[in-house]
Amino acid sequence: MNVRRAKTAGFCMGVSLALQKLNTALERRAGQSAGAGRICTLGPIIHNPQVLAEYETRGVVCVNDPAQLRQDDVAVIRAHGITRQVEQAVCASGATVVDATCPKVKKAQLSIARATSQGATLLLFGEEDHPEVRGLISYACGPAHVFGNAVELAALPLDPAQPYVLASQTTQDREIFTSIQESLSRALDDLTILSTICDATRERQEEARNIASSVDVMVVVGGRQSGNTRRLADVAALNGIATYHVESAEELEPKNFANKPRVGLTAGASTPKSLIDAAEKWLSSL
């Protein structure tokens, strides 16, 4: 089988930085005396089950409530960021805080705060229950609405005479956002547009589209909780070919690749190279 592997597959800059900060915290704690505080993350550091399981074996504790923190803990903020309110509670806990928020997400948070400082309504394109989106919304100084598609946007009671700010979750589909941007620009008199989709997301999606147009089937490797991985699968599937989103090579089935000699392989921004390598090896063996 001919496997075409995406060059952009695997860890993005934000994920690499977050894990580097977590590893540094673990190394420093290892050099301290017994009985030192815990290394904690505020929610999963990234959305990949294998990576999270590895850190759990190394003693990292995942907490979802700042009230669970102790003064001698090191609290590592997840790559997706957290809400302003949670961050304040973390700082008040007395724990040592390590901010591993992706720089692109942090920039989006601050851009939203500045753009809405006079009370403009935020329109955020994203997944309402995603931790990054909850964090972005918390930085809005005025009202805020989250929508996941054009239908949800059309249902919002927008007043053309009021000021609005349009932004996006950093891992959303760039083409869909551009279409939404053009539509709102025609409908609203006062619209500020923030470019918050990161370049890595755009490049991965463009490469996935390109590969999907020249193969018989696509495989996307990554955690099912990973929004950017799910969107890569969606982008590939739009080309009309079978697309399989798996967390590891163990989920691949030979029957899905029968009479399909060309396969495309990509992976989410939180997928380790080892998992991509394993999937490529499995596919190449067919």
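From the backbone N, Cα and C atoms, a Cβ is placed for every residue, glycine too.
What Swiss-Prot says about this protein:
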ACT_SITE  E132  active site, proton donor
BINDING   C12, C102, C198  [4Fe-4S] cluster binding site
BINDING   H47, H80, H130, S226, N228, S270  dimethylallyl diphosphate binding site
BINDING   H47, H80, H130, T170, S226, N228, S270  (2E)-4-hydroxy-3-methylbut-2-enyl diphosphate binding site
BINDING   H47, H80, H130, S226, N228, S270  isopentenyl diphosphate binding site
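Feature map: annotations from Swiss-Prot on the structure.
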residue : record                                                     : DSSP (3 states)
C12     : [4Fe-4S] cluster binding site                              : coil
H47     : dimethylallyl diphosphate binding site                     : coil
H80     : dimethylallyl diphosphate binding site                     : coil
C102    : [4Fe-4S] cluster binding site                              : coil
H130    : dimethylallyl diphosphate binding site                     : coil
T170    : (2E)-4-hydroxy-3-methylbut-2-enyl diphosphate binding site : coil
S226    : dimethylallyl diphosphate binding site                     : coil
S270    : dimethylallyl diphosphate binding site                     : coil
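Minimal Cβ crowding within 10 Å, among the binding-site residues H47, H80, H130, is found at H130. Listed binding-site residues: T170, S270. The one with the lowest count of other Cβ atoms within 10 Å of its Cβ is T170. With H47, H80, H130, S226, N228, S270 listed as the residues that bind dimethylallyl diphosphate, the site has a largest C-alpha separation of 15 Å. Of all the binding-site residues in the list H47, H80, T170, N228, S270, the shortest Cα-Cα distance to C102 ([4Fe-4S] cluster binding site) is found for H80.
For the binding-site residues S226, N228, the largest tally of other C-beta atoms within 10 A is found at N228. Rounded to the nearest whole angstrom, the C-alpha distance between C12 ([4Fe-4S] cluster binding site) and H47 (dimethylallyl diphosphate binding site) is 13. Using a 10 Å Cα-Cα cut-off from N228 (dimethylallyl diphosphate binding site), the recorded positions that qualify among E132, T170, C198 are T170. Using a 10 Å Cβ-Cβ cutoff, C12 ([4Fe-4S] cluster binding site) registers 26 neighbours. Counting only same-chain residues six or more apart in sequence, the Cβ atoms lying under 8 angstroms from the Cβ of C198 ([4Fe-4S] cluster binding site) belong to C12, G14, C102, K104, T170, T171. Counting every protein chain shown, the number of other Cβ atoms lying within 10 Å of the Cβ of E132 (active site, proton donor) is 24. Close to the recorded (2E)-4-hydroxy-3-methylbut-2-enyl diphosphate site, the chain also has I46, A79, E132, T171, Q225, G227, T229, G268, A269: residues not among H47, H80, H130, T170, S226, N228, S270 whose Cβ is within 8 Å of the site's Cβ mean position.
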